[in-house]
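Engineer: The structure is given below, and queries will be raised subsequently.
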Amino acid sequence: MRGTALKLAAAAGLFAGLTTGALAQQKNVTIGVSIPAATHGWTGGVVYHAQETAKQLEKTYPGLKVVVKTSPDGASQANALDDLTAQKIDALVVLPFNSDELTNPVNEVKKRGTFITVVDRGLKDPSIQDIYVAGNNPEFGRVAGKYFKDNLKQGNVVVFRGIPTVIDEERVTNFEKALEGSGVKVIDKQYANWNRDDAFRVMQDFLAKHPKIDAVWASDDDMALGIMEAIRQGKREDIKFVLGGAGMKDMVKRVMDGDKMIPADVSYPPAMISTAMFVTAGQFFANAPMRGTYVINAELITKDNAKNFYYPDSPF
Amino acid sequence: MTETVLRSSAEKRRFNFDMRALSPFIALIVLVIAGALINPDFLTASNLLNVVTRSAFIAIIAVGATFVIAGGGLDLSVGSMAALVAGIMILTLNGLGNPGYGTLALGMLAAVGLGAACGLANGLIVTFGRIEPFIVTLGTMGIFRSLVIWLAAGGTITLRNSELRELYRPVYFGDVAGVPVPILAFLAVAAVGALILYKTSFGRHVIAIGSNEDVARYSGVPIWRVRTLTYIIQGICVGIAILVYVPRLGSATPTTGLLWELQAITAVVIGGTALRGGLGRVWGTVVGAIILELVANIMVLSNFVSEFLVGAVQGAIIIIAMLVQRSLQRGR
């Protein structure tokens, strides 16, 4: 019931907005944003972009209130959703900790007639969401693989994996698929947990084990930094480049400055939370269909386009 | 090394204990042979030096943990503490700015000082609060970790001045007469630790409260002071480990030092220190830390272990190594 009433209200608001711009200002909408707390670089970036976008949206659309809540784990995120619904939100933008734990809590919010936008990690029941904004992990692996195929053409590559998860699996399988039929050979793979120290350790061992490595797929910018330090210490000249991923500002800066070892990067932008928030606001303030799935491309960052990916104020 | 046990032992028993003290070293030799068989590159000087250098952080922290555990305590907060100390040290260096040895010295002082302060906090809450060390240090583990995440806003704390970075870099990557500085650092820490634990009355007090707190109390051992001091020593060791850690990557992240507490405790136990307290082996601990790092190294160098199974094989090797040690002790 409430849902229909809300939609009617929203529709009325839209018409009002179309006829007289001044009336649009009287519309009051609250968007709740629930995201993981900053526990590592990428989620740190999510928190930063969510807060920046909240400010920007409130300025753009008078009458819009954006409430950002961060949670350290899945259970607390479920509680945070309760708190948000208590504040009578019209829409919820949620980046769930994990699909299993949060599907039901988000469904509860949905039952109250709230508009639901899910980001990055999907829920078990996709019918809950009105909008889904997703990163593209298979594409992330493919773009990286294509870069090796095009730029290295042939040679030996070592691969760094993150933490054993679906995300990691999708990236690595598609990376290897993209290499098929080229002269580029993956000679070794190892988990380094998206962690600098672990990547440093594993790279030292790879250097001891393999006398000739032509390039490294770090698959993550944090790991790339550890790898670079190990290569520098080993004084190895055979490695032509290291390809990271995610788009950490330090690495994008290096690409921008034309660092020979870091000629490119692959984006997996934490700013996708901003995309989700803008589209959700559009649902209430723009006269356009918004429901649907938005897949954010994993893009190759090179010297030419690096400045579009550079956020010097972000912690990530 | 036999000083830590009661002198009443007969000749045969004495030999027994020597065997126990030696067993980590025997396990180390067996592992080195296994490594050499798996991959000939394992025995190159550069690989072995890399591995031993890498074990420096855990070895130094574990020397401190030897005191805490020998005294019947436990410190789960060392990994988080390490991250916090690294974060504050880098922020201090960034704040001071101008590159020079004076700046470095101040940063180092801040690191060791903060480590000692964190240890003091742990120690005081355990002793004056009369709370189980497991709970206290689990609490401070969360506190230290959150503080570093908060300071980094979830991102990275990086040493910004590149000149300062280059000035500091040799502390991890440099060497004296071919021996990397981190190795010298943990040898020095272990030597001082051994001296304190085996040759001072404080060291004997630690062992005494670890084996029987009540008896120690009736014998006039100042329980609270000794116990608090063990946690302070642990904190100082974390500080020293960080002095060697920061020059390596020049940054601290929210994942810095994750699970180091478990590695330190494992190193201590592999080294022959009793987890229930009352027995401490500093040199065994250092060997334990090297063994842990060696196992990981051998896993990467081997060609037949799938990357999915590395953890399982690593766990199995550690358990087998402990079983071999036990059987050596029983066989005598």
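Including glycine, each Cβ sits where the backbone N, Cα and C put it.
Automated prediction, rather than curation, is the source of TrEMBL annotations.
According to TrEMBL, the transmembrane segment annotation covers B:21-39, B:51-71, B:78-97, B:103-127, B:134-157, B:177-198, B:228-246, B:258-275, B:282-302, B:308-324.
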Engineer: Which bits of the chain, at least 6 residues beyond where the transmembrane segment (B:308-324) starts or stops, bring a Cβ under 8 A of a Cβ in it?
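Structural biologist: Distant Cβ neighbours of the transmembrane segment (B:308-324) are 23, 26-27, 30-31, 266, 269-270, 291-292, 295-296, 299-300.
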Engineer: When you check the transmembrane segment (B:177-198) against the transmembrane segment (B:282-302), do you get at least 3 Cβ pairs under 8 Å, counting only pairs 6 or more apart in sequence?
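Structural biologist: In this chain the transmembrane segment (B:177-198) contacts the transmembrane segment (B:282-302) - 3 or more Cβ pairs sit under 8 Å.
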Engineer: Do any residues, 6 or more residues outside the transmembrane segment (B:258-275), come within under 8 Å Cβ-to-Cβ of it, and if so which ones?
Structural biologist: 20-21, 23-24, 27, 57-59, 61-62, 65-66, 69-70, 74-80, 82-83, 141, 210, 281-289, 291-292, 318, 321-322, 325
Engineer: Take the C-beta pairs under 8 A between the transmembrane segment (B:228-246) and each of B:51-71, B:103-127, B:134-157, B:282-302. Which stretch has the highest count?
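Structural biologist: Comparing B:51-71, B:103-127, B:134-157, B:282-302: B:103-127 has the most Cβ pairs near the transmembrane segment (B:228-246).
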Engineer: With the transmembrane segment (B:282-302) as the reference, which stretch in B:51-71, B:103-127, B:134-157 has the largest tally of C-beta pairs below 8 Å?
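Structural biologist: Stretch with maximum Cβ contacts: B:51-71.
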